[in-house]
Amino acid sequence: MSVCQYRILARMSTEKETLRQRSQPVPGGQQAPPAQPPSGFPPHSQGANPNEHMPPPLHGANLPSQPQNLPQGGYQQQPQYIYPQVPQYVLPQNPSLSQQPPTGYIRYNLNHPVMFCSTPAPKKSILEAYLLLIVLGLFGGHHFYLRRPVWGILYFFSFGLLGAGWLIDIFRLPVLVSRCNNDASQQNPNLAKKKHLDDAYVLWFPGGFLGLHHFYLNNIGLGVLYLFTFGLFGVGWLIDACLMPYHVKKANSNIPDCIEKSAAATCILAVSPAGLLGAHHYYLNRIGFGLLYTFTFGIFGVGYIVDWCRFPILLKRYNKSKEIGHTSHKHLDDAYLLWFPLGFLGFHHFYLNRPVWGLLYMFTFGLLGIGWLIDLCRMWKLVENCNKEIDERVHLTRNNRSVANPNYIQGQYYGNMPTTTVGGHVPVSYGQFGPCPPGYSNPNPGIYPTQQNGELTKTIGYGAVHGMNEQPPPYEAASIPTKGH
């Protein structure tokens with residue numbers, strides 16, 4: 001063994017002895033002073049490798065217990081050195097830490113979903129579009145090329161809309177190519193659903209007789225009606241030539257059709273021959289007038305002509321009723337429309353909830369015409385009285401609900417709610433309090449017993465103000481019979 005190796009073994013043995021001395025407690029509770037390195041060895045800082053000139057031997061290597069071929073220089077034999085057991089490094093059990101990338105690499109969020117950017121569709125060439133238009137335009141080749149498969153199928157089975165659509169596309173093809181490229185670049189799904197005026201007019205001529213433009217604008221009801229009436233016998237087809245911008249604007253708006261009816265659709269149905277069958281009344285949910293028009297051929301044509309002027313009023317009335325809720329008020333124009341020419345049979349009295357007078361007019365032919373003439377002057381009064389009765393009936397219904405439920409709020413529907421009891425009594429009607437057995441009522445109507453702090457007190461009415469003795473007059477909740485005069 002060389003001299004250098006022997007010195008290394010000696011240094012290791014010295015360090016082992018120093019560690020052993022530090023681990024032993026000193027008598028008297030004093031801490032042992034730090035061991036000084038032996039002479040001949042350079043000092044080193046704590047934690048530094050003393051053997052920087054060569055790496056330490058491997059853990060577990062068999063070192064010779066005694067040096068061989070010692071030189072003549074007074075070296076003494078040193079004891080065998082054994083390395084202390086070094087604890088092995090254990091990876092952390094946290095899976096999130098173990099999955100982290102090593103230091104020095106870019107850190108990625110492993111929990112974040114991977115986002116893929118779709119590749120934009122290639123732009124279409126106007127030269128290629130014109131080439132397909134000339135060769136395969138009658139079969140919709142240019143529409144398939146411009147990502148309009150529905151139009152392509154329509155052109156394929158209609159031979160280019162009987163050639164009319166193919167001829168129009170020669171002039172508007174640059175617009176179609178530009179529109180296709182813009183939709184592909186923006187990647188907006190709402191643009192694909194947007195309706196265009198030029199497309200609507202192409203379908204209107206000549207496919208408007210079959211309602212193709214209404215199917216395109218999502219007016220399915222009008223489309224089916226046009227399909228079976230050949231464009232409302234051509235009248236609706238002509239009206240759509242002027243109302244087409246309104247149709248397109250309505251289709252692109254966000255107003256649902258179930259909330260607000262279209263003025264264009266009402267006009268078409270009222271002016272076209274379908275108005276003789278009451279199509280506009282069916283459209284505005286006036287089922288009674290719709291059936292009357294169907295069986296009387298538009299009330300012998302008189303109501304059909306009158307509706308040409310008053311269909312905006314009917315539309316406004318319907319939309320207003322949807323905003324404020326359903327109303328059953330009667331209207332003077334409807335009453336006069338029924339008065340002539342069906343007033344001799346009492347139709348206006350049936351409309352105004354006067355069935356007795358209606359039957360009397362039916363069997364006496366309008367009181368021999370005298371009552372029919374008098375009703376011409378007093379019609380406004382009959383309508384006013386009818387609306388008052390309707391308002392009063394509605395008011396009574398709301399009061400009965402407020403008595404059955406003290407927390408009742410006008411305009412709010414509560415459904416079938418259980419009746420609450422106050423002081424062991426069940427409310428029978430407004431101003432009364434009846435006990436559980438039937439047939440009994442409160443001797444003091446309008447005064448309701450309530451329990452406060454264990455004592456039974458009296459409260460005047462629901463929501464009464466302290467110190468006020470005024471109370472509403474008691475009355476029984478009963479249905480008001482319909483007046484026969």
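Including glycine, each Cβ sits where the backbone N, Cα and C put it.
According to TrEMBL, the compositional bias 'Low complexity' annotation covers 23-33, 66-76. The annotation domain 'TM2' is assigned in TrEMBL to 123-171, 200-241, 260-308, 335-376. The annotation region 'Disordered' is assigned in TrEMBL to 13-76. What TrEMBL records for 129-146, 152-171, 200-217, 223-243, 290-315, 335-352, 358-377 is transmembrane segment.
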Recorded stretch, among 123-171, 260-308, 335-376, maximising Cβ pairs under 8 Å relative to the domain 'TM2' (200-241): 260-308
Tertiary contacts of the transmembrane segment (290-315), as residues 6+ beyond its ends and Cβ separation under 8 Å: 261, 263, 266-267, 270-271, 275-282, 284, 333, 337-338, 340-342
Structural state census, the domain 'TM2' (260-308) (DSSP three-state): 40 helix, 0 strand, 9 coil
